[in-house]
Every structure is written in structure tokens, then in C-alpha cells.
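Here's the structure, in C-alpha cells; my notes come after.
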Amino acid sequence: MASPAAILAASRLQAGKYADVASFAFMLLDYALTFDLEKSFIWPSRRSLTKILFLLSRYLPFLEIPLAIFYIFVPHISLSSCKIINSAVIMFRVVGIAVAEAILLLRTLALSGQSPRLSRVFILLYAIGVSVSILTLSIFVKASIYGKPPLNVPGCALVGGPFILVGIPFIIIMLYELVLMIYTLWIGLHAYRHSRNPLIITLYRDGIMYFVILTLGSVLNVVVLLAGPPGLQDLLNGNLRMTHAIFSCRILLHIREADGRLLEFGIPGEAGEEDAERPPSSNSRSYHHHHIAHPIPPRSLKNIMAPINHHYAHQQITPTHPLIVPTQTWQSQIICLVEIAAIVLIYTLACYLYGVFVGWKNDAELLDKLLADPPPSDEPGHGSGPKELVRR
């Protein structure tokens with residue numbers, strides 16, 4: 001007969017699997033929604049540091065997800081295989097989050113104008129954080145202990161190890177993102193409050209929104225890691241990993257999209273030498289001559305995240321063409337709401353499919369075992385436990 005502790009451990013292990021599957025569905029849906037932007041604005045661009053970081057952040061999950069699915073779903077895996085697979089998944093997550101944080105760092109430095117002293121400080125903090133995270137997780141991977149999942153739950157079960165070491169990298173992420181978010185807010189309040197430059201608006205709007213979400217997610221993840229019940233400490237790790245990949249890629253896609261809209265009408269943007277030298281059409285020149293008094297000068301930049309010229313950041317770029325008005329239209333807001341609804345739907349569908357094929361069967365087995373072997377009660381007359389509740 002199964003003990004109440006085994007039943008509780010199995011149910012918590014199952015909950016963690018639900019969360020991981022949902023995060024995978026979330027990432028795949030976002031990839032489908034933004035593939036057109038990637039094909040239009042990333043693939044044709046020249047090779048650069050930003051493009052390499054984008055491709056790493058975008059496609060590393062496709063190497064990580066199959067391993068994680070194998071770790072979650074396949075029954076009767078050897079304990080040595082469990083350790084190897086989970087070690088690979090953990091390292092993929094470390095590298096993926098480090099790449100995403102590098103993109104967020106470049107965005108922050110672009111807004112600040114890349115002051116040499118400030119750049120050195122942020123890069124040093126980034127290097128220290130990544131190094132400490134890799135070191136602590138390497139120690140954890142070597143010391144981790146795996147066992148058979150309780151009550152025939154498929155996949156692997158991590159049953160022991162220095163779990164406090166897992167919390168250190170996420171605490172570093174939380175503090176680092178908090179610093180970047182506060183600095184981004186300070187830049188916006190002091191330098192870009194009155195800017196109408198679409199590139200600046202995109203950098204600042206996306207940066208603030210994504211930093212707030214990522215910081216709150218990191219705080220919640222740290223709380224669950226440090227104060228959550230046993231078996232659920234890693235409940236949000238997969239979600240935080242995929243959220244970093246999604247938001248870092250969206251930041252670059254939105255910047256390239258805004259810059260491409262300017263270039264489409266002959267307004268030089270910040271996308272780089274290959275775009276700045278692109279000749280505008282005759283209509284674009286006319287439009288550019290009549291509506292822009294001080295255009296942003298084309299510069300020989302290697303990538304979109306080059307330092308921003310603060311003088312031109314405050315231009316009043318206010319053309320009447322709807323494609324480059326720096327405010328969102330009601331159509332774009334509706335599309336955004338539809339995307340959010342689709343994400344929620346796919347998230348729910350992923351949980352449902354996992355429940356149909358794996359989860360609910362195991363949940364039913366857990367309930368049967370609980371009813372067959374109810375936990376003892378200290379109160380007289382209440383020894384029937386769950387069976388008595390079912391009869392009532």
C-alpha cells in the first residue's frame with residue numbers, strides 16, 4: 001500500500017511536469033507567431049553579434065525541449081541516464097538565460113549611449129553572474145541524486161542534492177534584472193520622456209514591459225525555490241527559461257521591425273550599414289524631405305544595438321503614414337489581445353493533452369491508492385478518512 005508521503009510526492013512531481021509541458025507549448029506558440037518577423041528582419045541582415053545572440057536564444061530551446069520531454073515522459077529510465085539528461089537540460093538553461101541576459105544588456109547599453117565606464121560595470125556584473133551560476137550549478141549537477149519516481153510516475157525523479165545551490169543563479173538573475181530595470185526607468189524619465197523617435201519608443205517600451213515581467217517572474221521563482229513545499233521548488237524554472245528566450249527575441253524583432261518601417265519610407269534608422277545605405281524610393285525621398293526636418297543620420301553600424309545618438313533621440317518624428325506612427329493603433333492592440341488569448345488557449349490545451357495521455361491516468365491511480373490506504377487519523381471516529389468523505 002502506498003503511504004501518504006509517497007502519494008503527496010507523486011502528485012507534486014506530476015504538477016512540475018504539467019508546468020514544464022505548458023512552458024514548451026508557450027515557447028512553440030510564440031515561435032509560430034513571430035516567425036514572419038524573423039524571416040523578414042533577421043535572416044537578410046549581415047552577420048553580427050546581435051544576430052548570433054538572437055539565433056542562439058531563438059533555437060537553443062529546440063535542442064533543450066526534446067531532452068526535457070525525454071526526461072519527463074519516458075518510463076523506466078536508468079538513474080545514470082536521468083543524471084546525464086538532466087545535467088544537459090540544466091546547462092542548456094544556463095546558457096540560454098545567459099544569452100537572453102546578454103541581449104537585454106545590449107539593449108540597456110544602447111539606451112544609455114554606451115558610456116565606457118557604465119559598459120564596463122554592467123559587463124563585469126554580467127560576467128561575474130554567469131561565472132558564479134555555472135560554478136554553482138556544476139557542483140549541484142555532480143552532487144545530485146536520482147531515484148525511481150513514486151507510484152510509477154513516468155520520467156525521472158530528482159530526490160537529493162544541495163538544492164540551495166540551484167537558488168543562487170536565480171537570485172543573481174533576479175538582482176541583475178532588478179538593476180537593469182531600475183536603470184532603464186531612470187533613463188526613460190531623464191532622457192526620453194518627450195521622444196517621438198519610433199526606435200527609442202520601441203527600445204524603451206519593450207524594455208520596461210519585459211523587464212517588469214521578467215523581474216516579477218524571477219522574484220516569484222526565487223520565493224518558490226526558497227519557501228515552496230518539497231518537490232515543487234523547481235516548478236517555475238522551465239517557465240522562466242522560456243520567458244527569457246521569448247522576450248529577448250521579441251525585443252530584437254520589434255526593434256528591427258520599427259527600423260525597417262522607417263527605412264521603407266527613406267528615413268535612415270539604426271539597423272546598420274547595410275540598411276543605412278539602402279537607397280529610398282522617389283516617393284520616400286519626397287516624403288522624407290517634407291516631413292522630417294532633421295533626419296537621423298545613417299551610420300556604419302554592425303548591428304541594431306549600437307549606441308544611440310542622444311541628439312537625434314529627441315527628434316519629433318511625426319509622419320502621418322500609419323506604418324510609422326510611433327503609437328499603437330487599435331488594430332495592433334486587437335492583434336495583441338488575440339495573441340494573448342491564443343497563448344492562454346495553447347497553454348490550457350497543453351495541460352489538457354498531458355492530462356489525457358499521462359497525467360490523469362496517474363492521478364486516478366493515486367486517488368485509488370489513497371482510498372485503498374487512507375492516512376491514519378488521531379481523532380477517534382474518523383479513521384475512515386477519504387472513504388468516509390466519498391460515502392458522504
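Each residue, glycine too, has its Cβ placed from N, Cα and C.
Features of the protein shown, as given by TrEMBL:
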type     : residues : note
DOMAIN   : 18-63    : domain 'DUF6533'
REGION   : 372-392  : region 'Disordered'
TRANSMEM : 59-78    : transmembrane segment
TRANSMEM : 84-106   : transmembrane segment
TRANSMEM : 118-141  : transmembrane segment
TRANSMEM : 161-186  : transmembrane segment
TRANSMEM : 207-227  : transmembrane segment
TRANSMEM : 340-360  : transmembrane segment
Interface-richest range of 59-78, 84-106, 118-141 toward the transmembrane segment (207-227), CB pairs under 8 Å: 84-106
How many of the residues that make up the domain 'DUF6533' (18-63) does DSSP mark as helix, as strand and as coil? 38 helix, 0 strand, 8 coil
If we call contact 3 or more Cβ pairs under 8 Å (sequence gap 6 or more), are the transmembrane segment (161-186) and the transmembrane segment (84-106) touching? yes
By Cβ distance under 8 Å, which residues at least 6 away from the ends of the transmembrane segment (84-106) in the same chain are close to it? 49-50, 53-54, 56-57, 60-61, 63-64, 67-68, 70-71, 77, 122-123, 126, 129-130, 133-134, 137, 140-141, 144, 146, 156, 158, 169, 173, 176-177, 180, 207, 210-211, 214, 237-238, 240-241, 244-245, 247-249, 251-252, 305
Model confidence over the domain 'DUF6533' (18-63), averaged pLDDT: 91
Lying 6 or more residues past either end of the transmembrane segment (59-78) yet within Cβ distance under 8 Å of it, the residues of that chain are 17, 20-21, 24, 27, 85-86, 88-89, 92-93, 95-96, 99, 152, 154-156, 238, 241-242, 245, 358
